[in-house]
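Accompanying notes for the structure given below.
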Amino acid sequence: MNLGVGSVVKTMSGASCSVSWKSGGSDKVSDQFPAGLRVLVVDDDPTCLMILEKMLRNCHYEVTKSNRAEHALSMLRENRNGFDIVISDVHMPDMDGFKLLEHVGLEMDLPVIMMSADDSKDVVMKGVTHGACDYLIKPVRIEALKNIWQHVIRKKKHELKDKDFDQSTSVEDGDQQQKPPEDVDYSSSANEGSWKSSKRRKEEDETEERDDLSTSKKPRVVWSVELHQQFVQAVNQLGIDKAVPKKILELMNVPGLTRENVASHLQKYRLYLRRLSGVSQHQNGLNNSFMGHPEATYGTMTSFNGLELQALAATGQLPAQSLATLQAAALGRSATKSAISMPLVDQRNLFSFENPKLRFSEGQQQLNNSNKQINLLHGIPTTMEPKQLADLHQSSQSFVAMNMQGNARMQQNNALLMHMSQQQQQSSRAQMLNETNNGQVSRPPLSMSQPAAVLSRNSIVDNVRGPIYNPVSQTSSMVDFSLNQTTELQNNSFPLVSSNSGMSTLTSKRLLLEEVNSDIKGSRGFPPGYDIFEELQQQKTPDWGLPNIGSNFGASDHSSIPGTLDVSPSMLVQQGISSMKKNGLNGNSPIGGPQLNLFSGGNLLPVKAEQLPDTSYQNTFFPEQFGQDDLMSALLKQQESVGQVETEFGFDGYSPLDNLPV
Amino acid sequence: MEVGQLQRSFVEYMASLFREGFLDAQFSQLQQLQDDSNPDFVVEVVSLFFEDSERLLNDLTMALDQPNVDFKQVDAHVHQLKGSSSSVGAQRVKNCCAPFRNCCEEQNTETCLRCLQQIKQEYLLVKNKLQTLFELEQQIVAAGGAIPMLQ
């Protein structure tokens, strides 16, 4: 897909490349499709490799084979857009197939199919949780290979959807939305079709205001240079922390531009900045960030972080300096962003991460700061209370198990880190990966991730704490994202937060997640198997911003519908966190939160109405500055209009929300 | 022998291999993959399989010969053997792998050695059969005939 906007900030994937065939970055696939599909096959068994190659060639695919995972990975890195899909064996001598899967997911965001002679359930499950889009049992038959193109399409579609989603959220479709998403993710072209149509339907039903979103494939706004410059100016004027889509939209004053457009662009921009700031920010920011905003949540977070930090330090993975930094960060405010970045950066540098070198040091402190924050978030998607964080980690570990040995957390962080760093640079990534590939869990990268994770936590805490600034939008957006990501993770650990503090953590967590998600969006790699989430995230931002429910969103009016839904989602998210699974729940469903966005903006709507209370609820926690401006603002708006507030999750009157597992 | 006779022998032989379980449907898949652009595909793949399997069997022998057997390593080898044998359709070899893996799990060197023995036997058998099959093919081609396709 050619995302004008995307290309600006997406450095990770060749934006369009990932979804287009050789035809080059266009949404449509070549006429020959699926012929010409570029497949990379990795298997250490020469017999299988040869057979697969022949089979794939018989399917008219373009095949590249490799019997070494490392080699395959470097090929992928050198030529990011040179492949459409990767098929990899699970058991390989030089690198575990799941590890490769993670790398590919994080760095290149390509669909990966795992295969093995092992058909035991837990291995297959591992594949799923690591994000494999399919799992083939050997001996592989050619029939199975004939259909692998569906995974590429699906992924593309998801990406598209995310973007489109912003614009279309319809209330009605909520129910329908939920189902399809799951199906879609779980592979079946049939589902996709139905889903798409239902989605489309929703969009159509939806609101009027949307200028041009009547189908799932909304016309995309092309972010020309001037437009982007206007955008950047507006953002700078507002300050990256305060830059909410609505305000940006106002400042830009471009006719025809919707809040959603701005919201999604903003998200990408933030990701981009984050990447940039990876290196530069660290240096200056640290101190600022530690300005302390000690808040309740903070306290908990701090302690938690402290624990973690110490644990990390204990394991020797966290350099003392980082530890100190982290702790400081924990105590500090969101400004921490920079602070956090530092540890991250340092760490990175330790491990020869090159990319952190901000290539672009835009010199926008603010941006950097925010970026940093984001970075942190990526590392660890948990802003919840310490306990939750722990849980989150736990769950994330289980889900994202790099090599799970004891340092699952670290690994996860590592993965996250890698994810983050990846965004920054290829080379650094390579290094990181190489390092990690060495199979040492305790490698520095891990520690890096830890700090990052911790930092993110810290940062999150910050956010959570303060009074809500742009509360609504941020929270919601975060929620969405985070939920998506962590849904799995959190299912266990985050029971609906009933207390405000809980919420705030949730919020922060969400924010983190959002951040993470945003990153992931770019790279799509991160949450293994959480394709859904990714999408949600993407959608989320825009959605969040637009609570339609009737609140006045000002600029976001048009897009409102999605917005409204979003609001609920955030609420739902929180609640749904515990129950969220990858089901594309929309607001309506119990899980709802993040899922809503994913699958159907529409669902959100119904929920929205009721969710209003939620929104108010959100007010409680809005992390001050999260990137989810749009969400926040949207939420805020909603809240205003709604005027209700609920106690904790504010779902008080929401029947749909009731479903949310609390 | 004249071509027709060779061809009939070939078909008959092939059928018996399937009937006796030496080969399974996956082998047919390989045959179907063979085409004009890759006329020797099956022979090439099977040769690769032979090489690979012999290496694995050697590794297995060595691994089980150690004073402290590394069963994880043994299991990994068996797993690989399972993958490659199933990919070429060497059914009986593949079928030896599951019990072998069980023995590895039990960490019983004795039973593992027995499994290894059995798998070696099956391997040699199927290798022999396939080589005979290929020779028949060559003879047919040498006699100017076409290789009959088995459905």
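In case you wondered, yes, glycine gets a Cβ from its N, Cα and C as well.
Just so you know, TrEMBL annotations never went through curation; they're auto-generated.
According to TrEMBL, the feature domain 'Response regulatory' maps to A:38-153. Residues or ranges marked as 4-aspartylphosphate by TrEMBL: A:Asp89. Summarising the annotation, TrEMBL assigns region 'Disordered' to A:161-215, A:423-447. Taken from TrEMBL, the feature domain 'HTH myb-type' covers A:215-274. Annotation source TrEMBL lists compositional bias 'Polar residues' at A:429-441.
Each residue in the domain 'Response regulatory' (A:38-153) has a pLDDT score, and their mean in this model is 90. The 10 Å shell around the Cβ of the residue listed as '4-aspartylphosphate' contains 25 further Cβ atoms across the protein chains shown. Taken through DSSP, the domain 'HTH myb-type' (A:215-274) splits into 38 helix, 0 strand, 22 coil.
Annotation note: the residue listed as '4-aspartylphosphate' sits in a strand segment as assigned by DSSP.
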